[in-house]
Amino acid sequence: MEYVNGQNYDGSVPAQEEEFPFKVDIEPLDDQPATNDPGLVLGGGRTIKLMLVPDTPAPPPASPAAKKPKPHPQDKMRKFWNNFDPEYTGQVTRILPDRITDKGLLATKLEGETAHRAVTSYENARDACIRDVKRIIKECRQANQRYTDSRWDLERDLKITRMRDCLNGLGGDDDEEKGYPADAKRVTDIFENPQFYVGGVSTDDIMQGYAGDCWFLAALSVLGCDQKFIDRVCVIQDQTVGVYGFVFHRDGEWHQCIIDDKLYLRAPAYDESGDVVLGQYGVRRVDQEGQYQELFQRGSQALYFAQCRDQNETWVSLLEKAYAKAHGDYAAISGGQTGEAIEDLTGGVTTEIYTTNILSADEFWKNELSRIGKDFLFSCAAARYREWRPYLRANEQVREERRSGIVSQHAYAVLDTYEGHGQRLVKIRNPWGRKEWCGAWSDGSKEWTSDWLRILNHKFGDDGIFWMTYKDMLSKYKYIDRTRIFGPEWHVAQQWMTVQVPWSPLDYQTNHFSIDVPEDTEAVIVLSQLDDRYFKGLQGKYNFTLQFRVQKDEDEDDEYIARSKLNYELQRSVNVEVFLSKGTYTVLVKIEASNSGLEDVETVIRQNIGRRDKITQIGKLYDLAHQKGQHPGSSSSASTIQSLSSSGISTPNTTGTRTPGSHVEVAPANPTPADNTEDGDDEKKKDPNRNPWNASCIVGLRVYSKQADLGLKVVLPSKEDDGIVPPTLDRDDVAKSALDNVQAAAEEVVENSGSAANAPDSSGEQPTEGEASNGSESEIQKPAAAAPEQEPEPVPATTTANTAENNNDTATDKEPPIDAPVSCELPEANTTIEQKEEMIPEQHIQPSAPAQIMDLPSEQVTNESLMTDQSTNLILISDVETKPDNKPLTDT
């Protein structure tokens, strides 16, 4: 039957509607005459034919799906942490392509300038700098050319390429609103009679420019009290050729920096100036070019950045330029801590002192502050002022009155101290060269008399130098940086290692340092991270906070003798000063990481890929710094720890499997699948597992002492090592007492089980070795009888030589004897601990403390990770739970 538009072909309506499946087929009817009836024929002579098709049988009902068991809440929490804080993490150690570095761009440096040599390298760096500068001078004189630093040419970068790589770093420093220098010229074109020093070095020479480096200039003010400190940094110069050589201390070593004599100017050149430009300086158009040059491009006052007060002196400007070049650009030296700058210029060690934490102000004055210039150098800074008044110009006068002229978040140099006539006074300088203290003993105050002016050799004037009482200093300044200066009688050794930082560092790292002290000595121990100011923009996503503690290996109670304290502002390093008696010491490290809010390294490189020269410059600094985390000769294969104590150097080589703290990375056996979630899914974006924790930190330990043969080495234990460090908490940790109780109970059970195992049975005979008390073979064997003394065998691939001798009580291969067989099954697997360890890929075995045995009633235990043997009522607590994906999980 054919239907057209629901009607019979003849136009009648069907008697009844039939329900049946059908398909629609549109085709032209050749024999049908054309008609205007829309119900019969469609446009183009087409009709609709409805054709019956057989009924399709319905699919069978689906069987009910098997109900999945609900996961245990602890399993869900464990899965979350496994994804967010994975075991396998890594770190970018090279920015530049391997094909570049492998072909020699960095090969010489990376191989010949390892981080494990002694840090007494000042003489080497100074001699190399002098040698290279002399070669440049000879080359330039032969070519009759002034020296131009092709890798850091201020004029070309500002006016030709206009990349501003000498001004801005990576990561969005280009801010048009902050302004830029208008020109760059040579020293001979700026100064009428240029001289590096005019009358020697003076703290009054230093004037800050438009860079935010008051912290660095405050350090120069501190060192300016004694010219030998400045001469130690400025090693060679030739003003005629225009080349200058400097050395700076970086990450435990001295490095040279050579620059030309081009400096930035505030005003543009005469030919590039105009009425609008001149209007910015408040003057009318000057017709004569010579007058313009004298007004805007001559003398120290014309410089854009730091300058000397004398109009022909250059040492401050050139030293600041060298410091900026060493760090990559001027933006890199904006903002910092004066103590760190003094470290960079002297090689000393800075301790941050929070004034409200000083226990005895009298002792601090007598033992530390009054020794300024002899053993210590000091600087200070005021804290950020917080008050209810909005930041308006009308309120600025109120703030100034309350602060008495002290600028918040600004660095000051401590120049001198005086005690006498019932007064304790401190001499301080503002690196701005102006704006002074307005309180007691300020210029023109009632405290001054002619005798006091003579005694203190002080002159009034707005030069940034002022005196104040010791009490006012402690009140107005919240931070004091004290830098210890080391003389020739001090020796130093250092080591570096890479540490994987967990999201929640509940304990100290198993990777640690070992110090061998041949004779009693006083020591300064410093733990530091890489100075990321040298590769600013590539710091990565994490900030790190360092802590450490020192304990003597012979002490049975593992009580530490010293520990570092957290700093408020200084983040680069922490230190302690301690007296070390003869013996071996362990330095345990704890590192906490937090998100910095910055982009990761890969993203920054991708965003700045068009700045080839800048990436190459900063990339070299990054790559060289991160080589310190690699130990010479280290690999995933076994080797021995070696130490070269004669020179204060130790070259550690790991044994056994590489731990997460080691630098060599091993890919996981079961890598996590990539996340293909759409970016538009807001809920997924909020999932922390989309950005898993991946924090690694390179840390170095330096030990300053008066022992030339003091030894220092890195210990990277594997799971099989005897030298595994047991869990340790500081005495002020809220969980310490609970941990002590658990460990004490475990030791008591071990002693009881050992005595029970050695007791004779009812027949008066001891069970034979390898035999359990019930006559069956024990899965945990008793220790074998002592064998006759033999020659020592080579260190096996799974043992760290050197660590076992001092930590035999924590050896994992010396389990206490247990009479009854203990079934050591782990959840989700029917295998013993020994079998399970064989299944885990070697690179995934985590260092951990040995399993603890506790004498507790088995019916009180509900955690699935506790294995109970009813015959002995002993519970074996496994500290590593292994999942089928071969990832060991710490079960808390």
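Backbone N, Cα and C atoms are what each Cβ position is placed from, and that goes for glycine too.
Copied over from TrEMBL:
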{"type": "REGION", "residues": "55-74", "note": "region 'Disordered'"}
{"type": "DOMAIN", "residues": "185-486", "note": "domain 'Calpain catalytic'"}
{"type": "ACT_SITE", "residues": "CYS214", "note": "active site"}
{"type": "ACT_SITE", "residues": "HIS410", "note": "active site"}
{"type": "ACT_SITE", "residues": "ASN430", "note": "active site"}
{"type": "REGION", "residues": "626-694", "note": "region 'Disordered'"}
{"type": "COMPBIAS", "residues": "633-651", "note": "compositional bias 'Low complexity'"}
{"type": "REGION", "residues": "744-829", "note": "region 'Disordered'"}
{"type": "COMPBIAS", "residues": "752-778", "note": "compositional bias 'Polar residues'"}
{"type": "COMPBIAS", "residues": "796-810", "note": "compositional bias 'Low complexity'"}
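A separation of roughly 7 Å, to the nearest angstrom, links the Cα atoms of CYS214 (active site) and HIS410 (active site). Taking all protein chains in view, 25 other C-beta atoms sit within 10 angstroms of the C-beta of CYS214 (active site).
Taking the Cα atom of each, ASN430 (active site) and HIS410 (active site) are about 9 angstrom apart. All protein chains included, ASN430 (active site) registers 27 other Cβ atoms within 10 Å of its own Cβ. Other C-beta atoms found within 10 angstroms of the C-beta of HIS410 (active site) number 16, with every protein chain shown included. Model confidence over the domain 'Calpain catalytic' (185-486) stands at 90, taken as the mean pLDDT rounded to a whole number. Secondary structure from DSSP puts ASN430 (active site) in coil.
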